[in-house]
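**Q** Have a look at the structure that comes next, please.
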Amino acid sequence: MADTATAPATGPGTPAPVAEATGISKRFGATVALRDARITVAPGESHALVGRNGAGKSTLVSILTGLQQPDTGTLRFSGEPAPAFGDIDAWRSRVACVYQRSTIIGDLTVAENLFLNRQSGKAVQPIRWKQLRRRAEELLGEYGVAVDPAARAKDLTVEQRQFVEIARALSFGARFIILDEPTARLDARGIERLFEKLRDLQRQGVAFLFISHHLQEVYDLCTTVTVYRDASHILTAPVAELGHQALVEAMTGESASAVTATGGRPAVRSAADELLTIDGLTLPGVCEDMSLSVRAGEVVGLAGATASGNVQVGEAIAGLHRARTGRVSVGGRTVRTGSVPSALTAGVGLVPEDRHLQGLVNNRSVAENATLTVTDQLGPFGTVLPARTRAFAGRMIRDLDIKTPGAATPVSALSGGNQQKVVVARALATEPHVLVAIRPTNGVDVKSKEFLLGRIRQVADGGRAALIVSDELDDLKVCDRVVVMFHGRVVAEFDRGWRDEDLVAAIEGVSGDAPPAATFPVSAVSASSGADEHGR
Amino acid sequence: MSATTDLTEPAVSPAEPAAADTTRRRVDLGRFRELSLVPAILVLGLIGFIVSPAFLTADNLIGVAQQSTELSLLVLATTFILISGRMDLSLESTIGVAPVIAVWLVLPTSGGRFNGLGLLPEWTAVPLCLLVGALIGAVNGFLILKLRLNGFIVTLGALTMLRGLQVALSQGQSIVELPSSFTYLGKASWLGVPAAIWVCALLFAIGGSTLAWLRHGRALYAIGGNAEAARTAGIRVDRIVWIVLILGSVLSAFAGILYSGHYGSLSATQGSGWIFQVFAATVIGGVSLNGGKGSVFGALTGVLTLQLVVNVMTLAGVPPLWNQFLNGAIIIVALVISRFASGEKQE
């Protein structure tokens, strides 16, 4: 347990921090997960914790929530020593946590999820379901969450589920909540509502530790930021005093080369061949009469909110959905919609939206994953020769700078950014004419993000075409053109040099010149200031 | 003041009330799913009534119920184990080996066709049998939860090993000289109905109430639905699963007692091949093989359906040689029906 005897006294006069960790070290076997790390969260503060994958954030979270014991170091909550390890209820009354992975159980009702393992007072006392639902209703009402407590949790939207998790986490009485990448699976509108809720809670005096890869969100929501790098504490500073570039530098340990470094590239010759043509595509319930074309050497962004259908259009190009009417052709060849092999032979490479669900076979090696689409090139007569697989994978690993101990390492052992690189490597393995990348930088750290976007740009510069399907402004910044979808229709098109406000307005379906600022998703509003620092 | 908030509320989130509506409707369907085999049972009853006047007599129905008792106890055990996201195939061997070990320990060393060790007085046979069951469950739990072995293979190994142990101990023969305390429950009749039926009904009521109204019962759904989430909610996942495995084996040993009492002897093949029927009854009763879903009542309807089919077919004069074929066909048909009744994919 934390060595409470040597805990430093909190300064007189100031209220004790809700959470204070000093000198925390933790090793897992040979790997040092945290080295003499510290963090202090003041009451009512919104504190951001940022760092690249593997910086030790997750370990710190599990130590702060009492799931793991630190090897050395002190933990104090509101000036008092941390509760004994394993006393889960005591930990919960001090720290609430919304984990990165959903801890909602789909087949149970919302009410039961909220009061899981405390549905009744004593273990032998029968659960009174009506009363439980009423308590759930009260709890949800307290936090302003409009969800039916009798609904099954799996029927909720991701956003509603997240609110249920927050309400549950806070219902144990903690005034300090840790949010581990809460925005990763929300769309812009959902993020906006989440932030609204968080600001509400903050006004009630709840303190946050907010973990995100999305630096813009840090600027929008937080007052203080702590940066971790390589298992150590690097700096803690007020957000307002730390520029975007300085923050990235602190995270990466080197001066940031901007995502937009490709600014000086030649404009695409409008005479270039159209490599990808979508003509009157209609996907039942998704989009109608959608047309789009991408020329050789061009990177086009297909933007849109979650329900806009942009992801489905991207997937349809790769043959995952059957179209009712319309035509998709690649380099003049018509692709049979709904047939992945047909799309592959036509030369479409896909980086799917969710690498865990659609992208990777987790327990297989990097080499196998990277070569999954090209097994026909790895040996004669349907055989897959290990030597050729290794050679091929080695090329991929060098090409995409995948940080892996070896080609035979299981892909699940890599960090998020490197896993995503494997997915991109596989999409590029077939040397596609058209690369369709759906949210290619989802859950990826700053450095990998830059690299991946740069690599996609390279594909286009090599005379091929790329389509980035995303609603992240950073992804769209590398595009030559951005086409915006809203509710299954193309509503706008922007050439390079668009203003963030305009693009976001189009994504959100807000027409008119001056929409009220409050309707912008917070994550996007001040993205322009961040971009300015890159000297665009 | 309140009027304005009333007006703005729906404007902020117009989609949410609609979503809540559909979810409520779906929950209701989910509740009905538990009853989805009830119409099937009624139809079977009707067919039975038409086919033979002997069907709707107390004797026949009680006979069907009594024949269901042993199987239904295994189904009860499997329901608990499947809901918590595990599997125990060795139940079908426990039903035979636990009574054999108990009887072997108490029967005298000489004088009978089957000679035991005579270590303990005869009245201990029942508690011994349950104890052996608990031990088997505990060992399975140790291998699965502490050594982190694959549960399917561990219990498959246990199934074979325990069957072998039973054959070795009983020298491949039926044991007919059973202690009277051992056969009492299987033979006795209370208020004109076999004691086994009363006991089973009681156990099902307890099991069903535990799953519906007790915290630790609900914990099984949480564990089967998402073990990691259950752990973060403070549920002691391993401990509870271990207890469930032990309880399952005890139930199975108890079924063995009823079965031996019912037929007055302990055959060497007691329970052999049952596990398929057990799983079939449980799954067509709406319990998910992936864990986290199902109910005791649903599983009970599953057992009754399977038994009624056999009974009706027998009364209709279908040769018993066709039973196996029909059992298999019923399982597949029931799965297809529940797939489309619930609209959920089964994986």
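Including glycine, each Cβ sits where the backbone N, Cα and C put it.
Per TrEMBL, transmembrane segment is recorded for B:35-55, B:61-83, B:95-111, B:123-145, B:152-169, B:189-214, B:240-259, B:271-289, B:296-318, B:324-342.
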**Q** If we skip the immediate neighbours and take only residues 6+ beyond the ends of the transmembrane segment (B:240-259), which ones have a Cβ under 8 Å from one of its Cβ atoms?
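**A** That would be 69-71, 73-74, 76-78, 80-81, 84-86, 88, 90-92, 94-96, 98-99, 126, 129-130, 132-138, 140-141, 144-145, 182, 185-186, 196, 199, 203, 216, 219-220, 223, 270-271.
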**Q** In terms of Cβ proximity under 8 Å, which residues at least six beyond the ends of the transmembrane segment (B:189-214) contact it?
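**A** For the transmembrane segment (B:189-214), the sequence-distant neighbours (Cβ-Cβ under 8 Å, at least 6 residues beyond its ends) are 62, 65-66, 68-70, 72-73, 76, 79-80, 83, 220-221, 251, 258, 261-262, 295-297, 300.
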**Q** Could you tell me whether the transmembrane segment (B:123-145) and the transmembrane segment (B:271-289) are in contact, taking contact to mean 3+ Cβ pairs under 8 Å with a sequence separation of 6 or more?
**A** no
**Q** Any chance you could find the range in B:35-55, B:61-83, B:95-111, B:152-169, B:296-318 with the most Cβ pairs under 8 Å to the transmembrane segment (B:123-145)?
**A** B:95-111
**Q** Counting Cβ pairs under 8 Å that are 6 or more apart in sequence, does the total for the transmembrane segment (B:324-342) and the transmembrane segment (B:35-55) reach three or more?
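**A** Taking Cβ pairs at least 6 residues apart, the transmembrane segment (B:35-55) and the transmembrane segment (B:324-342) are in contact, with 3 or more under 8 Å.
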**Q** To the transmembrane segment (B:296-318), which of B:35-55, B:61-83, B:95-111, B:152-169 is linked by the most Cβ pairs under 8 Å?
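**A** Per the Cβ under 8 Å count, B:35-55.
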**Q** Under a Cβ pair cut-off of under 8 Å, which of the recorded stretches B:35-55, B:61-83, B:95-111 contacts the transmembrane segment (B:152-169) most often?
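**A** If we count Cβ pairs closer than 8 Å to the transmembrane segment (B:152-169), B:95-111 scores highest.
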**Q** Determine which residues of the chain contact the transmembrane segment (B:61-83) at the Cβ level, with the cut-off under 8 Å and only residues 6 or more beyond its ends counted.
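**A** Same-chain contacts beyond the flanks: 91-92, 95, 193-194, 196-197, 199-200, 203-204, 207, 211, 220-221, 224, 244-245, 247-249, 251-252, 254-256, 258-259, 262, 274-275, 277-279, 281-282, 285, 287-289, 291-296, 299-300, 302-304, 306-308, 311.
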**Q** Six or more residues beyond either end and a Cβ under 8 Å away: which residues meet both conditions relative to the transmembrane segment (B:35-55)?
**A** 284-286, 298, 301-302, 304-305, 308-309, 311-312, 315-316, 334, 337-338, 341-342
